[in-house]
Structure formats: structure tokens, C-alpha cells
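Since the structure comes first, as C-alpha cells, the remarks are kept for the end.
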């Protein structure tokens with residue numbers, strides 16, 4: 001394979017630029033040419049495809065977002081869009097493509113694979129909800145950003161004896177809420193993967209103030225309900241604290257990526273190039289126990305799939321993604337309502 005392309009699709013995530021940089025420079029080191037596709041699958045279909053060189057990705061590793069830009073393009077789910085995209089790739093002499101994005105992006109890569117066009121997926125999403133990998137590109141930065149802002153909210157909540165409900169992104173996954181909540185010393189963490197009792201939530205808040213707490217923070221994953229709705233539910237259940245709601249929202253997607261995200265993205269990007277060089281498409285790159293692994297993208301893009309690693313190093317797809325609820329149990333132990 002002598003010429004490949006790279007695109008970013010779906011929601012942006014810190015570290016995408018680092019992944020693009022790794023794809024470009026690793027490919028060049030292997031004697032391959034690299035093209036960039038602007039605005040994901042939309043740019044593929046419309047032919048917004050252009051050559052990249054080492055200078056094209058200079059000074060990008062520290063930048064958030066994606067300089068290739070991103071777009072959601074549901075038309076690519078249709079056969080006509082897929083065939084137009086492949087036609088444009090072949091028109092530019094491209095033999096394989098690296099797709100950086102979330103599960104929707106993986107579905108697009110799966111369609112390319114079904115049509116016999118080699119595609120390799122990289123997990124780029126802050127939600128950490130992609131199967132086939134322990135961590136996704138952007139997750140670590142999103143957690144760090146959430147923790148920074150939770151720390152700031154702790155300052156103001158302590159000054160006014162307030163309870164804060166802080167909504168964080170994650171779609172149907174509670175990973176950001178769990179990791180940031182524990183790191184910020186949240187009093188309660190509410191995630192989609194675990195049922196909660198609103199009366200118990202309110203009771204915990206009351207017990208905390210009765211024990212001498214001056215403020216409380218509840219971290220809420222957006223997949224449960226909105227922060228405003230959760231606050232209304234608390235009030236309906238009898239909460240009488242001075243309650244405020246903050247939604248961190250898209251703030252978690254921005255900013256310079258952490259060192260961990262930069263390294264992870266660099267490793268994954270280089271690994272993807274190696275797979276394409278070997279003529280191996282139809283795969284998604286992941287990290288498992290700090291080692292690079294690849295999984296069949298046809299399995300990972302299916303609803304409710306999850307990988308497990310066998311003793312032979314093979315990937316088995318079987319169960320849906322689940323946040324590590326051991327973290328939820330840990331937070332209940334650490335957020336003792338009798339302590340400040």
C-alpha cells in the first residue's frame with residue numbers, strides 16, 4: 001500500500017491532532033504518501049481530499065480539536081453515499097484510510113470494509129464508550145478538564161454552603177462522571193450503568209450537612225437525565241439545600257490534550273499505519289493492559305459488542321460496554337457523609 005488517507009469524524013476529542021500527526025509521519029517514514037480528508041465522510045463524498053506532508057502536521061500535537069475538522073454525515077449510511085466516497089478515494093489513488101472517531105465513525109469504516117476498501121479505526125471520543133479498547137483518545141483530557149472545573153466549583157460551593165449538581169458528558173456511559181467524581185472528591189456520583197434512588201440521594205445530602213459539611217457536589221452523567229431535571233427531581237423528593245446546577249457540556253471536548261492522550265494517540269496512529277502497510281484493513285486499534293491490540297471492526301460496530309482478550313492474544317467480541325462500577329462503590333466508601 002503506497003497511498004493512504006486519514007479523516008476525523010463525529011464529535012471532536014483532544015488528541016485527534018496527535019493521532020493525525022502520527023499517521024502522517026509514520027506513513028512518510030514507511031515510504032507512503034498521505035492525504036487528508038476534510039470534514040470526515042462528508043469530505044470523502046464531496047472530494048475534499050488533499051495531500052499532507054510532515055510540515056502539514058507541525059505544531060499540532062499540542063492542539064485540541066482536529067485541524068482536519070469534523071462533521072456528522074448521516075448520508076454515508078446509505079449505499080449511494082458509500083459508493084461515492086469510495087469512488088473519490090480511488091480517484092485520488094488512495095488504497096486505505098484511517099478513520100478517527102466514535103461508534104458512528106466506526107460504522108462508516110465498517111461500510112468501507114464491507115465494500116472491500118481497507119479501513120482502520122482509531123477510537124477518538126471523550127466518552128470512553130468504544131468497545132475494543134481500555135481507553136479512547138480524548139478521555140483522559142476530558143476527565144482532567146472536568147476535575148479542574150469541579151475543583152473550582154468546590155471553592156464557590158464551600159463559600160456559600162451550597163449543593164452543586166454538575167452534569168458531565170458521556171452519552172450513555174458513566175466513565176467521565178466516575179473518574180472525575182472520584183478525583184474531585186464528589187459526594188455522590190450518578191451514572192447510567194447503576195440504578196439510583198432519589199430519596200437516598202436526598203437523604204445523603206441531608207446527612208452530610210447534619211454531620212457538618214459546608215458544601216456538597218453531585219456529579220451526574222448526562223445519560224441519566226439533565227442536571228436541571230435531576231435538581232427538580234431532588235426538590236420534589238424534599239431536598240431543602242441551596243441547590244445549583246452546572247453543565248460542563250462541550251467544555252470537556254476542548255483544550256490542549258494531556259500527555260497521556262498525546263502518547264496514546266501517537267501510538268495508535270503509528271499502529272494503524274503499520275496495519276495498512278501490511279494490507280490489513282477492517283480493523284480497529286485499541287489499547288489493552290497498555291499494549292496495542294486490533295479488533296475486527298465488523299464486530300465492534302455492532303450494537304452491544306465488547307472485546308475480551310484470550311490467552312492467545314485474540315479478540316473476542318461479546319458483551320456491551322460497561323463502566324467500571326467498582327469505582328462507584330469506591331466513591332461511596334470515600335465520600336463518607338460523616339466527614340467534611
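Even glycines carry a Cβ here, placed using N, Cα and C.
Take the ATP site that Swiss-Prot assigns to 72, 73, 102, 103, 104, 105: the candidate from 11, 15, 31 listed for it is 11. Residues 21, 22, 23, 24, 25, 185, 186, 187, 213, 214, 215 are recorded by Swiss-Prot as ADP binders, and the candidate that the same record lists for that site, out of 152, 154, 253, is 154. Record check: Swiss-Prot places 125, 126, 127, 162, 169, 170, 171, 244, 250, 251, 252, 253 at the substrate site, and the matching candidate among 148, 222, 229 is 222. Of the listed binding-site residues, namely 21, 25, 214, 244, 253, the sparsest CB environment within 10 A is found at 214. Nearest neighbour of residue 105 (ATP binding site) by Cα distance, taken over the binding-site residues 21, 125, 214: 125.
Mapped onto three states, the DSSP output places residue 105 (ATP binding site) in helix. Here the Cβ of residue 171 (substrate binding site) has 17 other Cβ atoms within 10 Å, regardless of which shown protein chain they belong to. Among the binding-site residues listed (21, 125, 214, 244), 125 has its Cα nearest to the Cα of residue 104 (ATP binding site).
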